[in-house]
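Structure record follows, encoded as structure tokens.
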Amino acid sequence: MIAAHYQTFARYNAWANRRLYDACLALPAGEAAKARPSFFGSIVNTLNHILVADRIWFGRIEGVDYGARRLDEVLYENLEHLYAAREDFDAHIVAVTDAWTDAQIMQPLRYRSLAGDAFEQPLHLVLAHVFNHQTHHRGQAHDMLSQCGVEPPPLDLLFYVRETR
């Protein structure tokens, strides 16, 4: 039951990302990269941050180095390339979470922060953090999108449930 919860969130995450990226691609050229008064400075930078953070966390979870070193790292300046990388990693997140059992999700995860500090938390709480983090920053990008004259898409979990069930 617990694993199924996070498997649903992995799919919801991919769905919400597709909707948000599709809306961003409808912006006039250069608008997504335009400097804005936001934490990461633009829609593209905010979307990069979400991908970077996902790579860091899933790297810790899987014991794989995805190469992300800084939370403000810009992996892709081009929105189309960023979208392709996002879709690939979302498919990876779905595949990884689909393989987990309830027992595995309850196990502790030992990892190091980017500063090198050691931590341990149950995997299920780390996953809750990862998916909550994405929702938080998608909300920031959603807000910036609304300032550009493009109707932001509904991204609520229940919209996903209604659309996919």
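The backbone N, Cα and C atoms fix where each Cβ goes, and this holds for glycine too.
So that you can see what the record holds, here are the features copied from TrEMBL:
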type: BINDING; residues: His49, His133, His137; note: divalent metal cation binding site
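Shown here: features listed in TrEMBL, placed on the structure.
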residue	record	Cβ within 10 Å
His49	divalent metal cation binding site	22
His133	divalent metal cation binding site	15
His137	divalent metal cation binding site	18
Excluding His49, His133, His137, which residues of the same chain place their Cβ within 8 Å of the centroid of the Cβ atoms of the recorded divalent metal cation site? Thr46, Ile50, Ala53, Gln134, His136, Arg138, Gln140
Once DSSP output is merged into helix, strand and coil, His133 (divalent metal cation binding site) belongs to helix
